[in-house]
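To start, the structure itself, in structure tokens.
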Amino acid sequence: MKYMENNNTSHSKHPFIIGVTGGTASGKTTVCDEIMKRLENKRIAIICLDSFYRPLSKEDRETVASYNFDHPDAFDWSLVENALRDLKDGKDIEIPTYCFKSHSRLEETVGLGDVDVILFEGILSFYTQSLREQMDIKIFVDTDSDTRLSRRVMRDIAERGRSLEGVLYQYEKFVKPAFDDYILPTKKHADVIIPRGADNVVAIDLIVQHISSKLSEKESFRKSQGQLNVNGGSNTASSVNHA
């Protein structure tokens, strides 16, 4: 999870939630980073769906090479749905920490609350209706399959110590079928589609303008409600005094 704080702004307990999805290595995280960078005067957190993987059983760990991490069953949907719902309701939450080496959920969690914007990203961020209902805007990062494959190969070899053969096997057996069967169909739920991912600066700028506008509207409404409460309180006090 990434977090950026600015202490010079007032905050709302009901954050603006942005869902970001797309295929593996499509540039989801980079798009989120660019949005975060441009909204520098806000408190922002990036939550990754990867944090909500189910811990593998002993049997699954023994055959981890054939475990499908791109299938919906790999995620704890109840946990992630409750987390997003609580955030939307203005509650503080604890985000789990998933260890990719042991394929287990660690005891330590990451606390989160009182933010202006939540960027929730992952390959299946739009998978359930309950998740989609919590989102104020839904973004699909649309990058061609050749680019995604080349990025995945370079990333997994460099960062995860995998062989080229192993990466290609996993891609053909799990990653590509999961994209076709589960990820691509959620594209229809997107409010905004970003072709070419983070390279599409114009699209990201337009999205940030829209988000800034919506946040300004929320802030204006919050202030007006506060003013109404103050005025209402004054009127009540006045009537009591006259009595």
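For all residues, glycine too, the Cβ spot is worked out from N, Cα and C.
Noted in Swiss-Prot for the protein shown:
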type	residues	note
BINDING	GLY22, GLY23, THR24, ALA25, SER26, GLY27, LYS28, THR29	ATP binding site
**Fill in**
Excluding its own, the Cβ atoms lying within 10 Å of the Cβ of GLY27 (ATP binding site) add up to 24
**Item:** Other CB atoms, at most 10 A from the CB of LYS28 (ATP binding site)
**Value:** 28
**Prompt:** Around the ATP site recorded as GLY22, GLY23, THR24, ALA25, SER26, GLY27, LYS28, THR29, what other same-chain residues have a C-beta within 8 angstroms of the site's C-beta center?
**Reply:** ILE123, VAL141, THR143, ARG148, ARG151, GLY197
**Asked** Which residues of the same chain, at least 6 positions away in sequence, have a Cβ lying under 8 Å from the Cβ of GLY23 (ATP binding site)?
**Response** ILE123, THR143, SER145, ARG148, PHE179, ILE183, LEU184
**Prompt:** Among THR24, SER26, THR29, all listed as binding-site residues, which has the most CB atoms within 10 Å of its CB?
**Reply:** SER26
